[in-house]
Amino acid sequence: MLGEVINALGILLGGAIGLLVGRKMNEGVQTGLSKALGLSVLVVGLNGVISNMFTVEGGKPQSAGELLLVCSLAIGTLAGEALRLEERITAFSRRIEGRFRMSGFTAGFVSASTLFCVGAMGVVGSLSAGLTGDISILVTKSLMDMAFSVVLAGSLGSGVLASAVPVFLYQGAICLLAGQLRSVLVGELLRDISVTGFALIICIGLNYAADAKIRVANMLPALLVPPLWHVIRGILPL
């Protein structure tokens with residue numbers, strides 16, 4: 001759980017810095033930094049998809065998992081839209097805002113929680129920590145989250161700091177679960193989950209770098225499709 005603690009502390013530290021100095025940044029600096037960080041996330045997502053989906057065997061490029069990725073994103077998005085996940089997350093954070101009367105809490109909490117919880121770095125990093133004890137991926141994610149927290153807290157307020165709680169719980173749960181499923185979450189299954197997660201990271205990067213307005217929260221169920229497919233494939237003669 002050390003990696004999850006470091007990630008949460010990184011968000012808190014970045015958020016605190018953002019509250020102190022972020023508001024002193026002019027709008028142009030905040031916009032430029034946000035787009036630059038969005039571009040970096042986009043590159044991380046593209047690199048993750050390419051490195052997990054494409055390999056070179058015998059000097060020839062090979063690819064795998066394209067159809068499953070398409071199905072995962074389509075089925076996951078349909079499920080998320082039907083469940084109205086983004087609306088429910090927004091409503092939940094507004095209830096918190098109403099209870100504690102924290103101005104600007106909703107935007108900061110929802111944006112930061114979605115950004116920090118969605119994506120393969122958190123999933124793969126937590127799986128790696130649970131399966132092998134390697135926290136290097138989570139440490140890298142912590143640095144990225146801290147940088148984003150500075151920008152988000154400066155523009156969206158204190159809700160960004162509160163996002164450290166769902167990030168810790170979400171990644172901690174994955175880490176603990178991975179520790180119990182060491183013999184299952186490996187190989188092809190891990191690759192398929194990673195590809196889907198990195199595809200969601202690309203969407204997040206597009207939202208920040210190009211104002212794409214993709215409702216990534218409604219795409220979260222896509223991460224469940226690869227495990228379900230592997231279970232079905234193990235039961236049926238496919």
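From the backbone N, Cα and C atoms, a Cβ is placed for every residue, glycine too.
In TrEMBL, annotation is done automatically, which means it is predicted and not curated.
Quick look at what TrEMBL lists:
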- 6-24: transmembrane segment (TRANSMEM)
- 36-55: transmembrane segment (TRANSMEM)
- 67-85: transmembrane segment (TRANSMEM)
- 105-127: transmembrane segment (TRANSMEM)
- 147-177: transmembrane segment (TRANSMEM)
- 189-210: transmembrane segment (TRANSMEM)
(request) Check the transmembrane segment (105-127) against each of 36-55, 67-85, 147-177 and return whichever range has the most CB pairs under 8 Å. (result) 147-177
(request) Count the CB pairs under 8 A between the transmembrane segment (6-24) and each of 36-55, 67-85, 147-177, 189-210, then give me the winner. (result) 147-177
(request) Mind checking which residues of the chain, 6+ beyond the ends of the transmembrane segment (189-210), have their Cβ under 8 Å from one of its Cβ atoms? (result) 34-35, 37-49, 52-53, 64-65, 68-69, 72-73, 76, 114-115, 118-124, 127, 216, 219-220, 222-223, 225-227, 229-230
(request) Could you give the residue numbers and ranges of same-chain residues that sit at least 6 residues beyond the transmembrane segment (67-85) on either side and whose C-beta is under 8 angstroms from one of its C-beta atoms? (result) 53, 192, 195-196, 199, 215, 217-226, 229
